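All remarks here apply to the structure that follows.
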Ligand SMILES: Nc1ncnc2c1ncn2[C@@H]1O[C@H](COP(=O)(O)OP(=O)(O)OP(=O)(O)O)[C@@H](O)[C@H]1O
Ligand SMILES: C[C@@](O)(CCOP(=O)(O)O)CC(=O)O
């Protein structure tokens, strides 16, 4: 079993998962820390099958939101056949030399089970944020998305670390310091 440190991030839409994991990678350095997106291979295949723009599905765009419900459904069908499908593809693409892998977008208990089964040093990190701030960042409640498994399956998970990302940079910095400390201890 690899002794890489695996940080499995999750959080609601617009809580700031990409923002926080991007900052973390900056702090640790790209050579030491690779970002793994479970939704990466999902979006790539979905774009190919449906003649869509893969790059536009990756960023925080309206385009992505337009196709989110269909992508969730498609991904769930794939996961039903093999819950490890996207996790396997994500790690196959990851940097083997990085000592820290940051999974940016876990959504399901099966994702957590996968990393806990295959790695020793795993921490789950939940990014949280008030709904008022999520709305300011462009979040609009969408039925069949925000109340579905994709957004809610990890709500009751016993996360190791909670990061509050309401936009207070000082508060975020303090939390980063203790997260970096936890990583060093591992
Ligand atoms: N602490 C912060 N300070 C400033 N801007 C932030 C902060 N956190 C997030 N944002 C901004 O809010 C928007 C949403 O953040 P981000 O894309 O990281 O969320 P997400 O949880 O990855 O969302 P999604 O699940 O929809 O991809 C982005 O434009 C991002 O730059
Ligand atoms: C389809 C899906 O992967 C979209 C994720 O997009 P994002 O991480 O919010 O950019 C969500 C899911 O896997 O259920």
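Glycine residues also receive a Cβ, built from the backbone N, Cα and C atoms like all the rest.
Per TrEMBL, the features are:
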type	residues	note
BINDING	12, 13, 14, 15, 16, 17, 18, 137, 175	ATP binding site
BINDING	165	substrate binding site
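Candidate binding-site residues: 12, 16, 165, 175. Those with a Cβ under 6 Å from ligand 1, in sequence order, are 16, 165. Taking a C-beta cut-off of under 8 angstroms and a sequence separation of 6 or more, residue 18 (ATP binding site) has the following same-chain neighbours: 60, 104. Between the CA atoms of residue 16 (ATP binding site) and the residue listed as 'substrate binding site' there is a gap of 7 Å. By the criterion of other Cβ atoms within 10 Å of the residue's own Cβ, the least surrounded of the binding-site residues 12, 16, 165 is 12. Spacing of residue 165 (substrate binding site) relative to residue 14 (ATP binding site) is 10 Å (Cα to Cα, whole number). The number of other Cβ atoms within 10 Å of the Cβ belonging to residue 175 (ATP binding site), over all protein chains shown, comes to 18.
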